[in-house]
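Look at Swiss-Prot and you will find G38, P39, S40, G41, C42, G43, K44, T45 tagged as ATP binding site, backed by sequence analysis. Positions annotated as domain 'ABC transporter' by Swiss-Prot, on the basis of sequence analysis: 6-236.
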Amino acid sequence: MSEEIIRLVNVTKEYDGVQVLDNINLYILRNEFITLLGPSGCGKTTTLRIIGGFENVTGGDILFEGKKINDVPPYKRKVNTVFQQYALFPHMNVFENIAFGLRIKKVDNKAIYAKVLQVMELMNLKGFEKRNIDSLSGGQRQRVAIARAIVNEPEVLLLDEPLAALDLKLRKEMQLELKRIQQRLGITFIFVTHDQEEALTMSDTVVVMNEGKIQQIGSPIDIYNEPKNVFVADFIGESNILDGVMLQDFLVHFHGRRFDCLDKGFSANEEVDVVIRPEDLKLVAAEEGMLTGEVQSVVFKGVHYEMMIQSSEFCWMVHSTQMEEVGNEVGLRILPNDIHIMKKVKGD
């Protein structure tokens with residue numbers, strides 16, 4: 001079983017009386033790739049900055065290896081940070097940028113040379129030692145920034161949306177590269193992003209945040225397949241979300257009819273939210289469908305078609321490799337394991 005390295009206990013943070021973190025409780029394991037995911041203003045970057053020591057908590061505690069570090073300054077914490085703006089030194093070449101932290105620590109030149117070359121090889125920067133920062137591409141600069149952080153051998157690396165400035169193709173490549181580096185180094189990565197694909201691609205654990213609160217913690221598969229509430233279901237991928245009534249265990253009513261499902265533990269006739277992913281809806285002939293509807297629009301998305309299908313009570317988003325023409329009447333089949341039931345949150 002993995003060892004816990006960081007724990008946040010009842011952490012709150014206020015700016016000018018406005019609460020931006022509300023009672024955050026979270027533990028992070030050694031050698032884990034964990035992602036804080038959420039929309040702008042959800043508190044994910046504030047959480048990262050608190051772990052790094054760049055922000056103080058209003059309430060609660062930060063524990064590192066079981067010891068309280070609330071008052072420990074950033075430079076004394078066993079963490080390094082890669083910011084969205086890489087903050088590289090333009091007057092230094094690549095080698096000296098990476099070596100900077102080691103020189104501050106007064107590491108001897110022989111050790112600096114060996115460590116920097118080792119990290120440059122890991123980051124696929126071999127041969128770039130004397131290159132000026134201004135001559136590098138965005139992806140190369142990002143590699144230098146990460147190399148500068150990991151050469152100091154931190155126990156935890158904090159990454160604040162480091163891929164945000166890269167183009168789509170390079171961003172996808174760097175997602176896999178970061179995961180490879182983390183596995184090779186065996187250190188804890190805490191990654192912040194608003195990009196769901198990044199979180200699902202790289203992470204061992206995803207922490208979904210909204211309005212200063214943790215909404216759900218789980219593996220990428222759990223977060224996607226078993227969202228805890230409507231926010232998570234809507235934020236992670238696409239979803240069809242309907243009002244329903246849980247009649248009894250394994251039986252739910254929505255869209256004017258009853259459906260078998262796999263959920264239990266709700267009160268009889270409890271109002272619930274019903275979530276069905278677009279890729280889980282099966283297109284069939286109209287006479288074979290559990291529901292029928294008319295195709296309103298069709299958009300080719302590369303690996304599938306996205307169709308909007310208007311039934312009697314709802315406009316369904318459907319993802320399918322099978323294309324239907326606009327105006328066609330089609331049937332939809334919904335299987336029990338494709339239906340996700342969740343408790344309604346007050347205000348829904």
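A Cβ is built for glycine as well, from the same backbone N, Cα and C atoms used for every other residue.
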Using all protein chains shown, find which of the binding-site residues P39, G41, G43 scores highest when you count other CB atoms within 10 A of its CB.
G43
Can you give me the residues near the recorded ATP site, meaning same chain, not G38, P39, S40, G41, C42, G43, K44, T45 themselves, Cβ no more than 8 Å from the center of the site's Cβ atoms?
H194, M209, N210
Where among the binding-site residues G38, S40, C42 do you find the Cβ with the fewest other Cβ atoms within 10 Å?
S40
Within the domain 'ABC transporter' (6-236) only, compute the mean pLDDT.
92
Where does G38 (ATP binding site) sit in the DSSP three-state scheme?
coil
Would you mind pulling the DSSP three-state label for G43 (ATP binding site)?
coil
Given the binding-site residues K44, T45, which one's Cβ is surrounded by the fewest other Cβ atoms within 10 Å?
T45
